[in-house]
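What TrEMBL says about this protein:
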type: ACT_SITE; residues: Arg145; note: active site
type: ACT_SITE; residues: Lys169; note: active site
type: ACT_SITE; residues: His236; note: active site
type: ACT_SITE; residues: Arg239; note: active site
type: ACT_SITE; residues: His262; note: active site
type: ACT_SITE; residues: Tyr271; note: active site, O-(3'-phospho-DNA)-tyrosine intermediate
type: DOMAIN; residues: 1-84; note: domain 'Core-binding (CB)'
type: DOMAIN; residues: 105-284; note: domain 'Tyr recombinase'
Amino acid sequence: MYIDSFIDYITSVKNYSKFTSGSYRRDLEQFFSYICTIEQDLRPETADTDLIRSWLSSLVERGYNAASVNRKLSTLRSFYHYLLKISAITVDPTARLSGLRKPKRLPQVVHDADLEGLLDAMPADGFVQMRDKLIVDMLYETGMRRSELVNLDTTDVDFSLMQVKVLGKRNKQRLIPIGRGLASMIGDYLAMRAPVAVGPALFVTPDGRRITAAQVYAVVHKALTSVIRSGKRSPHVLRHSFATVLLDNGADLESVKELLGHADLATTQIYTHSSFEELKKIYKQAHPRA
């Protein structure tokens, strides 16, 4: 089976993260389990277009949304492109398959005033309270991804240049500026962290271990409950809010793209009309009959 060699390829050659590689492996193993129920002798490299389409249809019937199905199709595309590359197959069975249409939704955002009130209300007396408050503030003020925050080391924060170094997708580094308020909070947190941890991780648990992505999600979800009554309360909401507030205050799209670490400007463009209040303001200013 070629799954192991494919995972080795995307990890060592394409520099995919362990998280991404793990997701690809799970998708392929799920597909393999499905085709084994059709015929025992079938293997992923011998599957045809109809079989793949059948699997995708079964996912929809089981309640998978369009985004999840399309991600699994993307995994198969990458896998079969690899098999073509190493001459294990001669025809790509995913070539004639299209992804499902996803409903277009504006990103969930939290307004700056609400976030400021939230942060003011969050206590910072003990180590965990200070850490959790810093997590929420840093995600909002830098727009970094949850995985990027989890992987931060203390040496990634440069107080002299007022910036933080982030390792993003495909192991691409970028620098994000930080304000004096955030820098001061990081300094206060580091003073509390010193007796707790000796390792490089910036965000740690009370026993000194690097914080996990699930723990960061729990921190943010709990904090955002006070300002979001319905809808998502994930770390990505803070990333959306970061991008929206920059654009609402005049930042150009290219600069926001660089700060977010997007490879494609089209990914950033979803934020251009994410603030309906800003749209109403523009309409009232620009339309003669408004």
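Including glycine, each Cβ sits where the backbone N, Cα and C put it.
In the three-state DSSP scheme, Arg145 (active site) is classed as coil.
Under DSSP, the residues of the domain 'Core-binding (CB)' (1-84) split into helix, strand and coil as follows: 66 helix, 0 strand, 18 coil. Highest Cβ count within 10 Å among the active-site residues Lys169, His236, Arg239: Arg239. Tyr271 (active site, O-(3'-phospho-DNA)-tyrosine intermediate): 25 other CB atoms within 10 A of its CB, across all protein chains. According to DSSP, His262 (active site) sits in a coil region rather than a helix or strand.
Computed over the domain 'Core-binding (CB)' (1-84), the whole-number mean pLDDT of the model equals 90.
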